[in-house]
Amino acid sequence: MSAILRELLRVSEKAANIARACRQQEALFQLLIEEKKEGEKNKKFAVDFKTLADVLVQEVIKQNMENKFPGLGKKILGEESNEFTNDLGEKIILRLCPTEEETVELLSKVLSGNKLASKALAKVVHQDVTFTDPALDSVEINIPQDILGIWVDPIDSTYQYIRGSADIKSNQGIFPSGLQCVTILIGVYDLHTGVPLMGVINQPFVSQDLNTLRWKGQCYWGLSYLGTNIHSLQLPDSERKSRDTRSQVTEDTNSEAECSHRFSAVISTSEKDTVKAALSRVCGERMFPAAGAGYKSLCVVQGLVDIYIFSEDTTFKWDSCAAHAILRALGGGMVDLRQCLQRSSETALDWPQLVYHVENEGATGVDRWANKGGLIAYRSRKQLETFLSLLIPNLAPGDTRT
């Protein structure tokens, strides 16, 4: 089953190439930044190009996985529909064609005859990509394919993707906005239990060559299944010992003043003031706003912060599944914030982990798959329990209600 993870890594890099091409190739970038204003009936391009880029990435992932693992493509879900209507009123189903020429023709219909953009897109879609991680070569884990479902967020943090700057400076390694906040998220879960099993987070825009202006990315992955936990963040022994020592010092600190600011957290720029106020009493100045649910989760995966907390119900299964799987492989997880606050530490033998197979009862549209109670992402259970023990006394009842 590591073969599936290897292919997910490869298709995530193919998706990253498409995302980079749409930013770097002039014919595509001009479409990406074009906004349709209300009432503009004679606009040259009827299709919302950022949606096209999203859908194209999603379809490339679906089709490539289906080709390698027949039947799996049907179990890949995302937020985008692949049906478009061009300005002639034609309904077009976007799919990956067998040849580059056929894909050009199909894209040309969607883009109302823009051959230049269609050729540029088709070329990168059909480029072969070789991408793997040697750490996976020695791993062979048998997970039945028929229990697997996959959530995909083809381009998370769309606003940053379109408008984000390349020149944003990080704050202690964390970018508040900019292209670095864009991620491609692929999460694999158990269809029967909803437990996340494998995750891939591809960050297409990590560093830019100042001479060529070309971007390089980074890919993170994790697998957690029946007691086997492997991930791409294996630390050298010396660094692991150093981190373990720091962690032990933190856990052994009993002074209330030191306790109160022991945690660091990444938060949404739209987080409620009441939650931010409570967090500031726990984290002090170690509270970092950042764009993109996928990127904020990645900050926890990377160990840049201890916690990602969000009290609203506007993240979805495709936003959280990939990071959740990687965090499980690291010994952490992702829990429902509201349910955590309703429990005491004595009763919380099993913290309410997010699950990925059940729709929200009574919800419609994308809200069927919303993380309704908000979320907390964390790297260790001990950290989660200590964090909540400090946070809860600072939150008034109802502070996290949406």
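For all residues, glycine too, the Cβ spot is worked out from N, Cα and C.
Residues or ranges marked as Mg(2+) binding site in TrEMBL: Glu79, Asp153, Ile155, Asp156, Asp319. Neighbour density for Ile155 (Mg(2+) binding site): within 10 A of its CB lie 29 other CB atoms from the protein chains shown.
For 237-246, the entry in TrEMBL reads compositional bias 'Basic and acidic residues'.
For 237-256, the entry in TrEMBL reads region 'Disordered'.
Sequence-distant contacts (6 or more apart, same chain, Cβ under 8 Å) of Asp319 (Mg(2+) binding site) comprise Asp153, Asp156, Leu185, Ala293, Gly294, Ser297, Asn371.
Within 8 Å of the centroid of the Cβ atoms of Glu79, Asp153, Ile155, Asp156, Asp319, where the record puts Mg(2+), the same chain has further Cβ atoms from Asp54, Gly78, Val152, Pro154, Ser157, Thr158, Thr183, Leu185, Ala293, Gly294, Phe316, Trp318.
The C-beta environment of Glu79 (Mg(2+) binding site), restricted to residues of the same chain at least 6 apart in sequence and closer than 8 Å, consists of Asp153, Phe316, Trp318, Val366. Comparing Cβ neighbour counts within 10 Å across the binding-site residues Asp153, Asp156, the minimum falls on Asp156.
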